[in-house]
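Swiss-Prot has this to say about the protein:
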type    : residues                                       : note
BINDING : C15, C18, C37, C40                             : Zn(2+) binding site
BINDING : P120, T121, G122, S123, G124, K125, T126, L127 : ATP binding site
DOMAIN  : 2-56                                           : domain 'ClpX-type ZB'
Amino acid sequence: MTDKRKDGSGKLLYCSFCGKSQHEVRKLIAGPSVYICDECVDLCNDIIREEIKEVAPHRERSALPTPHEIRTHLDDYVIGQEQAKKVLAVAVYNHYKRLRNGDTSNGVELGKSNILLIGPTGSGKTLLAETLARLLDVPFTMADATTLTEAGYVGEDVENIIQKLLQKCDYDVQKAQRGIVYIDEIDKISRKSDNPSITRDVSGEGVQQALLKLIEGTVAAVPPQGGRKHPQQEFLQVDTSKILFICGGAFAGLDKVIANRVETGSGIGFGATVKAKSDKASEGELLSQVEPEDLIKFGLIPEFIGRLPVVATLNELSEEALIQILKEPKNALTKQYQALFNLEGVDLEFRDEALDAIARKAMARKTGARGLRSIVEAALLDTMYDLPSMEDVEKVVIDESVIAGQSKPLLIYGKPEAQASGE
């Protein structure tokens, strides 16, 4: 490579592509009887980048999985919730099929189908959304509805959700517009009462109003990377009609609202149908019968419900399902800890009785699958603290008494290397 110098013969060197001399450019790279300047290198890089961007959408077009394939992938990571998986698979497939065909099919405009997930804490709402985004290889971001407020009040603006999505894909607007946004705790922004109040409800109904346009589809103006809003700044224009919004919440108490509606038909007096306690539907069965009117009574405004036409309900996980979650998914919790111990050269074994005890403890805490990690972490804490300083440990065994806190994990030692080689 030459840097503004003549070659051995004293001749002035020129770029073979743009014809500029070595004095007009910063660097001149020499090959066998050919030269290229730094400006031409940059230009070539830009051309290649543009071509890659043009090719990428065509790859995405051919890679859209079918609802059956989406469901199968969800089965690898999420235990149970079969109906919710089916609803999600169809909704996600239709959403991305709509994007591929430019929002229309034979002149018919295709509507946007955002999704509402209703289910108790730890039932897999967030995991389902994350797994979908990973399968489709699209940007994914999560937002907490409880931190959102109307514009102009202390708290996060709803536009901040789109900024987070842009950050996940290095401010590539085209990528962001194919992304998935999961808004958690959506039930916490329900209207505080049925009667309009004199004071503004800036974190309840106010946030629902602010989210309406964003979820339905608008062009959101977002400041570019790392910039605060000021008049001289050019804003990025993001079309949210192409972004899939999934809202999730536990909706504690919604089952009672549904029960009141369902049981109203039983009547009173001599002709009333008397229901025994055993006839009462479970919470999961009631949630599966949810109607828009129930969500309105719960505190969501009709316009907001209208923007979430696809509703999927998740059941509370049983003890058997929690045991499956511990050992069956590809990234099951026991597999994660076994991989962690393998990095120390140690095998980790969970006996079946230990898995039963972990599941029972999580059921008692009513935290669903979310509480499993804290239980396992507490049981293994001392071992993970001591293990890096110990030698010749080959295996760690966890049984029921360890989970109950009655004993320490069983450590199985191998023979010291020196002794083994001597024999």
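Glycine is no exception: its Cβ is also placed from the backbone N, Cα and C atoms.
DSSP classifies C37 (Zn(2+) binding site) as strand under the three-state reduction.
In the three-state DSSP scheme, T126 (ATP binding site) is classed as helix. For C18 (Zn(2+) binding site), the number of other Cβ atoms no farther than 10 Å from its own Cβ, over all displayed protein chains, is 13. Contacts of G124 (ATP binding site) defined by a Cβ separation under 8 A and a same-chain sequence distance of 6+ are given as V78, I79, G80, Q81, A84, L314, L317, A369, in order along the sequence.
Residue with the densest Cβ environment among the binding-site residues C15, C37, L127: C37, by other Cβ atoms within 10 Å.
Distance noted between the C-alpha atoms of P120 (ATP binding site) and C18 (Zn(2+) binding site) is 65 Å. Local packing around the Cβ, expressed as the count of other Cβ atoms within 10 angstroms, is greatest for S123 among the binding-site residues T121, S123, T126. According to DSSP, T121 (ATP binding site) is assigned to coil rather than to any helix or strand. Within 8 A of the CB centroid of the Zn(2+) site residues C15, C18, C37, C40, the other residues of that chain are S16, F17, G19, K20, V25, L28, Y35, I36, D38, E39, V41. Taking a C-beta cut-off of under 8 Å and a sequence gap of six or more, K125 (ATP binding site) has these contacts in its own chain: L117, G119, D184, G248, L314.
Ranked by CA distance from C15 (Zn(2+) binding site), the binding-site residues T121, G122, L127 have L127 at the top as the closest.
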